[in-house]
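Take a look at the structure below.
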Amino acid sequence: MAGWDSTATHPLKNDNDMFKIEHPPFLYHKYQIKPDPSPVFNYTYNQKDQPVYPESTYEYQPLNENAILNYIDKLSNDAVRQQLKESIDYIQQLSFQVDLLNVEAEKKTLSQNHSTNATTIDKNVNTSWDSLVDRIINETDQKASLYLQNKFKCSTLDQKRTIFKSILNKAYDLMTNRFGNFLIQKLLELGAEDQVQALVNTMRGRILILTCEPFGCHVVQKVLDHVSEPVKAELISELFVKIPETITHKYACHVWQKVFEVRWSSDTTPMMNHIHESLKGRWAQIALDETGSLVIQNIFENLTEEDKRPVLDEVLQSTVMIAKGQWGNWVIQHILEQAEKSSDRETAFQTVIKEAVQLSMDQFASKVVEKALRIGGEQFMTKFIKRISTVSCSHRPRVALVDIASDQYGNYVVQWLINNASEEQKISTCRLIKRHMVSLRGSKYGQRVAFLVEKVLRNVEVTTYPSS
């Protein structure tokens, strides 16, 4: 590809005889001459019909390929136009070659970095384990953590002892490290009994702090899987000094859930008595907490009837308040669906029926109502419909059913009733609602129920002639 002709007279040379050649805009960019800021390049000409160029500056302007090609096509001199096009092709080829060189250089840099890493973490007996541990702690080095985990798993007994010695010296710092905690967990899984005991000794007196750490809490959970029951009880007892503060803590709550999941061969009553004594009268508030609601559901699923009875009793006494909570409603739903004793489930169902109106019109308690309707069967649905069809939530003569149907959240409960009730219940409910269709159609939320009612009653003959 031909390039610029070095012997040709350049259009920008200060030779007035050569200014007869039109000046394409890309040369401004090439020679760092600032063009006219207007979108169209308008030039003035002197008496000899020669263009007068803007004053030269040294501000770089980006190339505009379309503008270049447009100006080249407008050139009157065929030879210059051809030479410029060839030059542009040549520049594009050079640009492509430069891009290829940049890619090769980048690949070479990545290869060198990979080689450096491989040299730094070399799989041989001369590797400095202390330096790798320091890299995990000081640089949060994930590769060093993974390498040590694999090395400990596959090494000889002598190498394992050497690696463990380097780790044990800074075990606590690793427990609270983003990647170091995984290394400690791996040692708890694969380490010998004396090594696990050495790690436990490092944790003694620090269980409360580790439990409230974002990474340390995982180590505490793991250690409960790999120590004897007396050691478990000893470690858990360190949490007793701050049970109310840790039971709903963002990280400590996971440790408490692990504690309740532990299967003890001995009697756990003394431990649970201590917990109940610290949290007596507080279980309802715990149920309203985001993490506390999970802890309570975990208690319901994993503890014996005797151990969870105090929690159940307090929750059932505050069913309405808890059901209205963003997180508490899940606790009540859990009791409705999974409580072991039928009497506990019956108590919860009766509360839903008794407080059907206010629960149905609450943002979160309405979910409890829908759950009760789904799992309560036809008998519960009959009692529920009877309750909301006979009571009024105001001094007006209309039944609460209509108020619920017009409510922002209650309308979903009524829609569910209409869609899932038996044919007889569905028609009787729709006839009650139809008496107040004007009010429902004027309601933003009630019009949804009104549409369903009309759909159900469309093929049902309704006579309004008074009986004799």
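Quick reminder: no glycine exception, Cβ is built from N, Cα and C everywhere.
According to TrEMBL, the domain 'PUM-HD' annotation covers 105-457.
Residues or ranges marked as repeat 'Pumilio' by TrEMBL: 166-201 (among others). For the repeat 'Pumilio' (166-201), the residues of the chain that approach it from at least six positions outside its boundaries are 129-130, 132-134, 136-137, 140-142, 144-146, 148-149, 152-153, 210, 213, 215-216, 218-219, 222-223, 225-227, 231, 235, judged by C-beta separation under 8 angstroms.
The repeat 'Pumilio' annotation in TrEMBL covers 202-237 (among others). Sequence-remote contacts of a segment are chain residues at least 6 beyond its ends whose Cβ falls under 8 Å from one of its Cβ atoms, and for the repeat 'Pumilio' (202-237) they are 168, 171-172, 175-178, 180-181, 184-185, 188-189, 196, 246, 249, 251-252, 254-255, 258-259, 262, 264-266, 271.
The feature repeat 'Pumilio' is assigned by TrEMBL to 278-313 (among others). Confidence across the repeat 'Pumilio' (278-313), taken as the mean pLDDT and rounded to a whole number, stands at 94.
What TrEMBL records for 314-350 (among others) is repeat 'Pumilio'. Mapped onto DSSP helix, strand and coil, the repeat 'Pumilio' (314-350) counts 29 helix, 0 strand, 8 coil.
With a threshold of 8 Å between CB atoms, the same-chain residues lying at least 6 positions outside the repeat 'Pumilio' (351-386) that come near it are 316, 319-320, 323-326, 328-329, 332-333, 336-337, 393, 400-401, 403-404, 407-410, 412-413, 416-417, 420-422, 425, 428-429. Annotation comment: TrEMBL describes 351-386 (among others) as repeat 'Pumilio'.
Among residues of the same chain six or more beyond the repeat 'Pumilio' (396-434), those with a C-beta under 8 A of the stretch's C-beta atoms are 356-357, 360-363, 366, 369-370, 373, 378, 381-382, 384-385, 388-390, 440, 443, 445-446, 448-450, 452-453, 456-457, 460, 462. Feature annotation from TrEMBL assigns repeat 'Pumilio' to 396-434 (among others).
Residues 281, 283-284, 287-290, 292-293, 296-297, 300-301, 305, 358-359, 362, 364-365, 367-368, 371-372, 375-376, 380 of the same chain lie 6 or more positions beyond the ends of the repeat 'Pumilio' (314-350) yet place their CB under 8 Å from a CB of it.
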